[in-house]
């Protein structure tokens with residue numbers, strides 16, 4: 001496994017490998033089993049697996065969150081090696097944003113401006129879009145792998161990749177969960193045992209919603225009540241429970257097509273997000 | 001010569017040609033000798049020459065200017081064929097900006113916000129940056145050719161190409177001029193004979209500035225007066241005479257390094273731009 005710190009070294013490392021397919025797994029480090037799932041997906045599909053580690057300052061809206069974000073490069077490199085990664089690209093901020101840097105890739109509309117875009121500020125998805133564009137253009141992979149937990153980020157990336165015509169196929173892997181149901185996240189390490197127990201209300205609320213939808217509840221308002229009932233018991237600070245189109249993030253009032261239910265909440269000082277896709281409910285037969 | 005209308009047809013046309021170098025000449029059509037100069041530069045350097053024709057609505061700040069922009073595709077294709085172009089990419093607006101398009105590439109700072117950016121509005125260079133990013137990613141050329149007449153556009157493109165790491169080398173060709181000195185522009189066809197005669201004050205003003213600089217005048221203020229003296233005689237509506245760093249477009253008050261002098265003016269209803277680079281004046285020997 002090669003570790004490179006500059007775009008030119010990354011390109012040099014990949015130069016001889018373009019005969020086969022290249023898979024890219026962008027990360028902010030602090031790797032966990034969720035990242036390992038992405039690396040395995042890439043390893044099984046691509047001839048060369050590239051992983052990036054970059055804690056992107058541009059996408060953090062809170063300096064305290066950036067400062068507290070876990071940095072565990074030695075452990076990350078060991079995990080990458082164990083998962084068969086070929087090349088790790090781990091640049092400094094000065095390599096990604098040299099003096100004079102002045103370019104932003106920006107997506108407009110509900111996809112980038114609602115939910116995470118509203119809570120974290122417009123700069124968040126601008127930061128994501130700009131750095132992911134740079135990583136994709138640096139590696140020019142055939143496939144890039146993302147986790148479904150960051151559903152809105154995935155939708156934003158899908159949008160600008162299509163709009164700009166970046167030649168890559170996105171692969172979205174299902175959210176990886178611990179045995180208790182909590183979506184894996186680098187931020188979970190900050191939860192106290194009590195906070196972790198309370199955080200489980202988030203996946204339970206998603207299950208309550210998908211169960212109710214499967215049982216025929218169609219109105220987003222009614223489904224939201226099911227989620228709120230579960231979340232209310234857990235003493236967490238809810239930011240949103242939203243029902244949206246998974247591609248455009250336009251609000252959905254009635255679940256008669258695939259709908260994303262997304263939750264964001266603070267548990268203690270830690271902000272967590274999770275989501276599920278509700279499959280379209282087949283219309284019931286018979287009258288009103 | 002192949003003419004294609006979609007990105008996927010362009011990529012298909014280039015698939016077998018990546019063994020050699022690819023040169024891209026982006027144009028808005030209405031080709032003239034200036035474009036031919038760019039095509040010849042590409043033809044002499046690259047194995048495959050791709051020319052694009054796209055009148056980009058996103059970069060026009062005035063609907064009347066967009067509507068009046070000359071469209072001469074048959075003549076453009078004949079000129080391209082005569083210059084040995086291999087592939088012409090001439091998409092419709094719906095191919096470049098399909099329904100739901102929501103992405104902008106934006107450069108901030110004086111490079112994009114002063115002079116043309118101030119006169120034509122922020123959307124102008126956003127439109128340029130977004131469409132040129134798309135054209136570069138569609139063709140993935142080794143070289144892309146631009147004319148020095150659009151100096152600020154070139155500086156903006158240089159900036160976002162470096163910032164995003166788009167893998168292309170920019171080639172900037174000297175401004176092509178008619179025998180009377182007027183910089184070639186697709187908009188020149190709109191000038192009446194009288195307007196054209198008055199428009200010659202622009203290149204004359206640039207010559208007055210570079211002559212004065214060569215004679216030892218260093219202060220931009222003093223050099224600007226030389227330009228204004230020439231322009232005042234011509235009854236043209238001056239927008240700016242600016243002295244700036246050619247890369248950053250930061251103002252330059254004393255010409256002791258390479259400095260761009262840029263002029264924009266309206267002659268009748270037609271807006272024209274032109275520029276020259278003033279080489280650094282060697283320091284005079286001796287005392288104050």
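A Cβ is built for glycine as well, from the same backbone N, Cα and C atoms used for every other residue.
Where the annotation comes from TrEMBL, it is an automatic prediction and has not been curated.
Since we're looking at a predicted model, the values are computed, not measured.
According to TrEMBL, the features are:
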type	residues	note
ACT_SITE	B:35	active site, proton donor
BINDING	B:28-35, B:147-150, B:184-187	ATP binding site
BINDING	B:59, B:153	(R)-pantoate binding site
BINDING	B:59	beta-alanine binding site
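Features recorded in TrEMBL, as mapped to the structure shown.
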residue: B:28; record: ATP binding site; contacts (Cβ under 8 Å, 6+ apart): B:53, B:54, B:55, B:56, B:69, B:186
residue: B:30; record: ATP binding site; contacts (Cβ under 8 Å, 6+ apart): B:69, B:70, B:71, B:72, B:76, B:186, B:189
residue: B:32; record: ATP binding site; contacts (Cβ under 8 Å, 6+ apart): B:176, B:184, B:185, B:186, B:188
residue: B:34; record: ATP binding site; contacts (Cβ under 8 Å, 6+ apart): B:147, B:149, B:175, B:176, B:183, B:184, B:185
residue: B:35; record: active site, proton donor; contacts (Cβ under 8 Å, 6+ apart): B:25, B:27, B:79
residue: B:59; record: (R)-pantoate binding site; contacts (Cβ under 8 Å, 6+ apart): B:123, B:124, B:125, B:127, B:128, B:131
residue: B:153; record: (R)-pantoate binding site; contacts (Cβ under 8 Å, 6+ apart): B:116, B:125, B:128, B:146
Practice problem: Could you say whether, by DSSP, residue B:153 ((R)-pantoate binding site) belongs to a helix, a strand or a coil region? | Solution: helix
Exercise. Could you say whether, by DSSP, residue B:59 ((R)-pantoate binding site) belongs to a helix, a strand or a coil region?
Key: helix
Quiz prompt | Neighbour tally for residue B:186 (ATP binding site), based on other Cβ positions within 10 Å of its Cβ | solution = 19
Quiz item: So how many other Cβ atoms are close to residue B:147 (ATP binding site), meaning within 10 Å of its Cβ?
Solution: 22
